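Handing you this structure, nothing more for now.
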Amino acid sequence: KANMFPLIQRCCFHTPFKLQKLTAPRLLLYGKNKTTCSSLGLQLQRDVCPLSRSPCLNIASVYATKLQAFHTSLPFLKKKTRKESETKAPGVLQRSMESLKDSPKPALYLSLVGLIPFVSIPLAMAIQGTYYPELAFAQIMYGAVTVSFLGGMRWGFALPENSPAKPDWLNLANSTVPPLFACQALLFKDVTQGAVMLVMALGVALHYDVSLLPTYPRWFKVLRVVGTLVMVFSLLATAALKTISEIEQS
């Protein structure tokens, strides 16, 4: 008994978590003399109780708990991040590009071709480093025709019997506003004023088509936004080139 107790005490200090499981019934399985083993188990249980409340064992329990939390927190965070990435909705730009891909090919290609005169005129003047009033006025004229087409397109959308847009005063009267702006743009002698008037007309037409009146298909609305942005920046680029040319001449 005197020889076994130091060995058992050493094991108790090195294995604090198995200490509480070292009870008399388990010692009976390994001892030959049941009476001696049971008395040894009772004394061990009395001697072990102070050890279980010792600071060393409490510190070991705290570190074990922290270690377990550390090992279980990382998979939980990874799983949460993966779940959030799977349920995250696509952005506005991604949804717009997907809608643009769904557009009919003739409508998409013809709309892109129709933007060439807007882009080519300020680009050619910027490459040559010279402002040409004739080309700038041609761009204003082409912009006025485009704005008139966008306004009249509402008539064609509202006239069919199964159309969601009814041929009432709101739809038909608002469709005539962009052509009036376009006509006013042609009356200005200054190209800058005409470009600003066309930018206003394009903004009004886009507001009608996207948010105010009964809507077009989503792919067409995205196409309208892209085309309007290209036309607006092209007109403003021409007006900027005119201003730069006037500053250089003065």
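In case you wondered, yes, glycine gets a Cβ from its N, Cα and C as well.
Remember, it's a predicted structure, so these values are computed and weren't measured experimentally.
In case it helps, TrEMBL gives these features for our protein:
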TRANSMEM  107-127  transmembrane segment
TRANSMEM  139-157  transmembrane segment
TRANSMEM  169-188  transmembrane segment
TRANSMEM  194-210  transmembrane segment
TRANSMEM  222-241  transmembrane segment
Any chance you could find the range in 107-127, 139-157, 169-188, 194-210 with the most Cβ pairs under 8 Å to the transmembrane segment (222-241)?
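So the stretch in question is 107-127.
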So if I exclude everything within five residues of the ends of the transmembrane segment (107-127), which remaining residues of that chain have a CB under 8 angstroms from its CBs? That is, six or more out.
100, 135-136, 138-139, 142-143, 146, 220, 223, 227, 230-231, 234-235, 237-238, 241
Residue list, the transmembrane segment (139-157) vs rest of chain: Cβ under 8 Å, 6 or more residues beyond ends.
114, 117-118, 121-122, 163, 165, 167, 171-172, 174-179, 181-183, 185-186, 191, 194-195, 198, 201-202, 205, 208-209, 213, 216, 231, 234-235, 238
